[in-house]
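Asker: This is the structure I have questions about; it appears just below.
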Amino acid sequence: MNKITKIKGFADLFPPESTVYVQMEETARQVFSAYGCNEVRIPIVEKTELFARTIGGETDIVQKEMYTFQDRKGRSLTLRPEATAGMVRAFIESGPSQGSIAKYFTLGPMFRYERPQKGRMRQFHQIDVEFFGPTTPQADGELILMLWHYLTALKLDNFHLEINSLGCPKCRPQFKQKLLSFLQHIDESKLCADCKRRKQTNPLRVLDCKVSTCKEMVASAPKIIDSLCLECQKHFKDVLAILDKAGLNYTLNHLLVRGLDYYQRTTFEIIAENPNIGSQSAIAGGGRYDGLVKNLGGPDIPGLGFACGMERIALLLDKQNNFKQDFFLAVLSDKALNQAILLAQKLRNKGFKGEVSFEAKSLKSQLRYAHKKEVKTCLILGEDELSSGVIQAKNMETGLQQTIALEDIEQALGINF
Ligand code: HAM
């Protein structure tokens with residue numbers, strides 16, 4: 001029979017790889033709740049129109065990376081390529097009142113039809129945070145500090161923050177004009193095929209193209225921060241002042257426009273410098289998206305957020321062995337099997353973690369399994385032990401084996417002789 005294999009760009013996660021995902025998720029819950037930011041769960045599938053209207057019809061994501069399909073009623077649906085669109089939709093449907101502040105996070109799989117490589121998957125996972133309501137630069141500051149807090153709590157190091165401001169609908173059109181006239185005067189043959197298209201449809205995106213010839217062409221492009229209106233200038237200056245006061249280092253990146261059209265004012269990315277991560281070094285990205293809630297039919301409530309890429313962070317974390325167990329209960333005779341199951345259950349009820357053998361096999365193979373699982377103590381139950389009401393306890397580190405009375409097991413496991 002043919003084996004059915006998984007789809008390219010999709011991964012199965014087993015322990016110990018999966019333990020780092022658990023660690024990322026639990027740390028997120030812990031750190032974010034200290035900021036009043038709590039978890040929400042939203043669907044993985046949304047109406048296609050939501051993404052086109054949120055992310056932008058001319059973005060790479062919407063143009064070529066979405067998993068879009070028709071359901072049985074002929075409706076066009078899409079597997080979410082990111083979480084902000086769904087979070088904003090859900091927020092609007094929750095009936096927010098003007099002036100209130102809401103801070104949410106969500107986590108789970110996202111889907112983008114990109115070329116799979118290290119740190120880039122077609123199904124990947126994000127931890128996504130959205131703050132709804134605040135207008136002040138202090139909120140941008142706190143959002144970035146919270147992200148920093150999170151990454152530090154994961155014990156990551158060697159990463160830095162890049163930041164930019166994309167202005168607002170008042171000042172960005174002027175910048176776009178300046179950029180267009182700059183782009184009209186460059187040698188178009190040196191632009192990649194995507195940028196030739198972007199030049200017409202979404203010129204800002206030419207700025208952060210990763211193709212080296214495009215990078216060279218835009219090195220001398222006008223800077224958006226030189227075109228900001230007074231309000232946007234002040235907002236950006238105040239965000240940077242908070243980061244300065246908090247002692248958080250950053251790099252101004254004038255080419256950081258991000259791949260989603262909803263951003264206004266502050267945009268940022270966290271870049272990992274660890275060589276393990278390869279070329280996909282952006283481990284988180286986000287920014288402010290005032291106007292988006294309104295554009296999706298909600299009240300005029302501003303928003304800002306970020307998302308961390310879990311696959312990329314996983315490349316930087318040590319795999320934890322969270323599954324270390326206190327005991328393995330080896331069984332040497334069929335008669336002892338039932339007794340062993342009940343004994344293991346008793347120990348688990350007392351708070352010990354452990355497994356029990358489901359069949360009476362050779363002691364050697366059971367000890368090999370206990371060793372592989374890195375258990376502290378292997379308990380051994382055979383017919384002799386059963387008839388005398390004792391058990392053997394073998395310390396797997398020292399190799400020391402003792403016969404102990406059944407009622408002393410807890411103590412033996414606790415003090416780990
Ligand atoms: P994004 O920059 O598209 O932003 O994605 C955020 C992070 O997800 C990236 O920095 C990267 O670490 C990870 N990521 C993206 N694509 C892939 C992939 N194919 N494979 C593995 N990891 C990937 C957003 O998604 C925005 N929704 C963030 C946001 C929230 N802005 C405001 N609120």
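Glycine too: its Cβ is placed from the backbone N, Cα and C atoms.
Feature annotation from TrEMBL assigns L-histidine binding site to GLU82, ALA83, THR84, ARG112, GLN126, GLU130, ARG258, TYR262, TYR263. If you look up TrEMBL, you'll see 24-317 marked as domain 'Aminoacyl-transfer RNA synthetases class-II family profile'.
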Asker: To which of the binding-site residues THR84, GLN126 does the lowest count of other Cβ atoms within 10 Å belong?
Answerer: GLN126
Asker: According to DSSP, collapsed to three classes, what secondary structure does GLN126 (L-histidine binding site) have?
Answerer: strand
Asker: Give the number of CB atoms, excluding that of ARG258 (L-histidine binding site) itself, located within 10 Å of its CB.
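Answerer: The answer is 20 other Cβ atoms.
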Asker: Among the binding-site residues GLU82, THR84, GLN126, TYR263, which have a Cβ atom lying under 6 Å from any atom of ligand 1?
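Answerer: Those binding-site residues that pass the cut-off, since their Cβ is under 6 Å from ligand 1, are GLU82, THR84, GLN126.
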Asker: Any idea of the Cα spread of the L-histidine site, GLU82, ALA83, THR84, ARG112, GLN126, GLU130, ARG258, TYR262, TYR263, as a max distance in Å?
Answerer: 21
Asker: In which DSSP state, out of helix, strand and coil, do we find THR84 (L-histidine binding site)?
Answerer: helix
Asker: Sequence gap of 6 or more, Cβ distance under 8 Å: name the residues on the same chain that satisfy this around TYR263 (L-histidine binding site), in order along the sequence.
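Answerer: LEU166, VAL257, GLY287, ARG288, TYR289 - these are the non-local Cβ neighbours of TYR263 (L-histidine binding site), listed in sequence order.
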